[in-house]
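Here Swiss-Prot flags 24-44, 46-66, 94-114, 118-138, 146-166, 172-192, 217-237, 239-259, 278-298 as transmembrane segment.
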Amino acid sequence: MQSTLSQSPGSRFSQYMALTKPRVTQLAVFCAVIGMFLATPGMVPWHVLIGGTVGIWLLAGAAFAINCLVEQKIDAMMRRTAWRPSARGEITTPQILLFSAVLGSVGAWTLYTFTNPLTMWLTIATFVGYAVIYTLLLKPMTPQNIVIGGASGAMPPALGWAAVTGAVPGDAWILVLIIFVWTPPHFWVLALYRRKDYENAGLPMLPVTHGEKFTRLHILLYTVILFAVTLMPFISGMSGAVYLTSAVLLGAVFLAYAWKIHRDYSDELARKAFRYSIVYLSLLFAALLVDHYARPLLGV
């Protein structure tokens, strides 16, 4: 184990940042920010935008730090995650707990102060859903971990919406539903080409418990459902033609990947599909934002 005294402040900072899973956090916070803007026809007040963004990021980082702590032995057995400082023993359990507690406390205070109590409590509930219910209970016990546990990961748009309005109306839940349905195919393509990793770690991911063929079929089925669900913002009147066009085009590409995986699987194809799924969700929510402000300008 590397001595903590021999590390530079910059190296130590990078290790703690790694615990927050920055790439995953960025996507979650991005979806939350989009939720903020969709909640109002005008601009989001600056104190809400900044306070909400920072508070949600801090609590998300706190949840991911707990995830790294709980799964440090599992991470050490997987090639994809063995580099994490928690898996390498470079940060101790008390240090991770303290780090998570500080992030979570400051995040909760920030949300309470700059947004509203509802946003704070919803974000804390999301923290519990991910760090406790998903990480401790669902992930090691059932192949449906991603399906059930995806509820907590799908919450960011509702958190952003609540930060602005103090409520979570039907339109916000449509956005939550999109991410909820997107989550299984996104993670299952990863689990397909990382199947050996999950087998070695003893995690009951779908390809491990039900096989590759079953997983490929369910990726296709969930992607078809996702395509239909992404039409709901247009059907409900929340979004217009700009979003609809984007959703159809982006969804068609995702469907093409899912169909190819179902018919002619390869690890390289699964890697490409996994990377595209991240781009897909980012562009889909960006299209929601563009459509939201373009509709008044276009008079529709």
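Residue numbering: from 1, along the chain as shown.
From the backbone N, Cα and C atoms, a Cβ is placed for every residue, glycine too.
Keep in mind that this is a model prediction, so the values were computed, not measured.
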Counting Cβ pairs closer than 8 Å to the transmembrane segment (146-166), the top stretch among 24-44, 94-114, 172-192, 239-259, 278-298 is 24-44
Candidates 94-114, 172-192, 278-298; stretch with most C-beta pairs under 8 Å toward the transmembrane segment (24-44):
278-298
Assess whether the transmembrane segment (278-298) lies in contact with the transmembrane segment (172-192), where contact requires at least three Cβ pairs under 8 Å among residues 6 or more apart in sequence.
yes
Chain residues in Cβ proximity to the transmembrane segment (172-192) (below 8 Å; excluding those fewer than six residues from its ends, i.e. six or more beyond):
31, 34-35, 38-39, 146-147, 150-151, 153-158, 161-162, 198, 205-208, 212, 215-216, 218-219, 222-223, 225-226, 229-230, 232-233, 236, 238, 254, 257-258, 261, 265, 267, 270, 273-274, 277-278, 280-281, 284-285, 288
Contact set of the transmembrane segment (94-114) with the rest of its chain, CB cutoff 8 A exclusive, min separation 6+ beyond the ends, reads 16, 19-20, 47-48, 50-52, 54-59, 61-63, 65-66, 68-69, 86, 120, 123-124, 127, 163
